[in-house]
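Peer 1: Residues annotated as S-adenosyl-L-homocysteine binding site in Swiss-Prot: Y20, C64, Q69, D101, L102, S134, F135. The annotation theobromine binding site is assigned in Swiss-Prot to T27, Y152, H155, W156, F313 on the grounds of similarity to another entry. According to Swiss-Prot, the site 'Involved in substrate discrimination' annotation covers H149, N220, Y264, E324. Swiss-Prot lists N172, D258, F260, N261 with the feature Mg(2+) binding site, giving similarity to another entry as the kind of evidence.
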Amino acid sequence: MAMKVKDIVFMNKGDGENSYVKSAGLTLKVIAKTQPIVQKAVQSLFTGTHSTPLQVVNVADLGCALGPQPLESMSIVIESIVEKCGELGCEMPEIQFHLNDLAGNDFNTLFKGLSVVQEKYKNVSWFAMGAPGSFHGRLFPRNSMHLVHSCYSVHWLSKAPKITSEAGLPLNKGKIYMSKTSPPAVREGYLSQFEEDFSSVLRFRSPELAPDGRMVLILNGRQSADPTEKDICYLWDLLAEALSYLVSEGLIDEEKLDSFNVPYYNPSQEEVERVIDKEGSFTTEFSDTVVLEIGGKNAWSDPGLRIKGYRCFSEPILSHQFGEEVMDKLFDKAEEILAEDYKQGKEATKNISIVVVLKKKTNQTWT
């Protein structure tokens, strides 16, 4: 069965036990940690070369998902603009949010949650609309967006890299992502696909951004030059081990496991900056890594909670490949393995984010 990423990469829907709404705690921590960076980028829109104050600020949230994540991002933007306009003594502009994700995203649950923002900012004139589509292509009219924001989305690839021998045999058998045992071709394939896809994200956003527009991108990344370092690959190695167990139990076909690779890449800061420089549409105003400790005694020290956090974003793509009927068994086994790893100190202990703030270059023209 051919895998069309645009049809299956989305977060778990609804508001049930395994939904993204109930399990997006890690992403919220990333948003909180990066809030000052986003706030500064938003407020820089009011200190540029605009001949007249902005009357409408258009904001795009790429890969917005659902639940508290997009609502918190919207709140940060609104509060940043309110604060800056208060400082400058200027009239508060209207704010238009363009909430983008693939068509499979649960936009209904997303829109239901907007009442929280509505109640919180009754005196602010803001609007929200859905913008379904892939950020690997064009989404918005030329020169229309003042701010493009994305948190934990653009590390998803447009497709999994093709990792086979000349004879068409899988080279990453028993794994679903890079690992210590993967041959060099696997690492090269993933990096090449990331470079192609991230370049397309930049290339398609450039004409859409207004002059002096900003783009804030937050990606799940890595600090190490080694893309198979434990904190990076632990999740996918854990799930591959659980899937291998299901193969041994006759619950899934080994060929399905051997032929599957997740369309996901954890870049280093250097890899991100290299693509930005080569693509050439933006200047980098800020670039850094943000580290969250997820080991030890914290909210993720419970194996069950941690597995729910993994399941809420990985289940849709895994169920498409291996079947919905084995998902409970898969994540139960993963929790069992994780609990044992906790005892031995083998689990991942850090979550790494790459944060960049980009400004559209002023010398570009679009015809």
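Residue positions begin at 1 at the first shown residue.
Every residue, even glycine, has its Cβ placed from backbone N, Cα and C.
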Peer 1: Would you say which of the recorded positions D101, D258, E324 has the most Cβ atoms within 10 Å of its own Cβ?
Peer 2: D101
Peer 1: Which recorded positions (Q69, L102, S134, N261, F313, E324) fall within 10 Å of N220 (site 'Involved in substrate discrimination') by Cα distance?
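Peer 2: Cα filter at 10 Å returns nothing.
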Peer 1: Using the structure shown, find which entry in Q69, N261 (the binding-site residues) has the sparsest Cβ neighbourhood within 10 Å.
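Peer 2: Checked Q69, N261; of these binding-site residues, fewest Cβ neighbours within 10 Å: Q69.
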Peer 1: So which one is it: of the recorded positions H149, H155, which has the fewest other Cβ atoms within 10 Å?
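Peer 2: Counting other Cβ atoms within 10 Å of each of the recorded positions H149, H155 gives the minimum at H155.
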Peer 1: Excluding T27, Y152, H155, W156, F313 themselves, which residues in that chain have a Cβ inside 8 Å of the centre of the Cβ atoms defining the theobromine site?
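Peer 2: Those within range, site residues removed, are G63, C151, S153, N220.
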Peer 1: Of the residues named as theobromine binders, T27, Y152, H155, W156, F313, how far apart in Å are the Cα atoms of the most distant pair?
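Peer 2: For the residues that bind theobromine, the greatest Cα distance is 15 Å.
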Peer 1: A 10 Å Cβ contact count, applied to the recorded positions T27, N172, N220: which residue has the minimum?
Peer 2: N220
Peer 1: Applying the rule Cβ within 8 Å of the centroid of the Cβ atoms of N172, D258, F260, N261, what extra residues of the same chain belong around the Mg(2+) site?
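Peer 2: Close Cβ neighbours, site residues excluded: I163, P170, K173, K175, I176, L257, S259.
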Peer 1: Among the binding-site residues C64, L102, point out the residue whose Cβ has the most other Cβ atoms within 10 Å, with all shown protein chains included in the count.
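Peer 2: Buried the deepest by this measure is C64.
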Peer 1: Between W156 (theobromine binding site) and Y264 (site 'Involved in substrate discrimination'), how many Å separate their Cα atoms?
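Peer 2: Cα-Cα distance, W156 (theobromine binding site) to Y264 (site 'Involved in substrate discrimination'): 5 Å.
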Peer 1: Non-local Cβ contacts of Y152 (theobromine binding site) (under 8 Å, 6 or more apart, same chain)?
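Peer 2: Listed in sequence order, they are T27, V30, G63, Q69, I218, L219, N220, S353.
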Peer 1: Which three-state DSSP class does L102 (S-adenosyl-L-homocysteine binding site) fall into?
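Peer 2: Coil, per DSSP.
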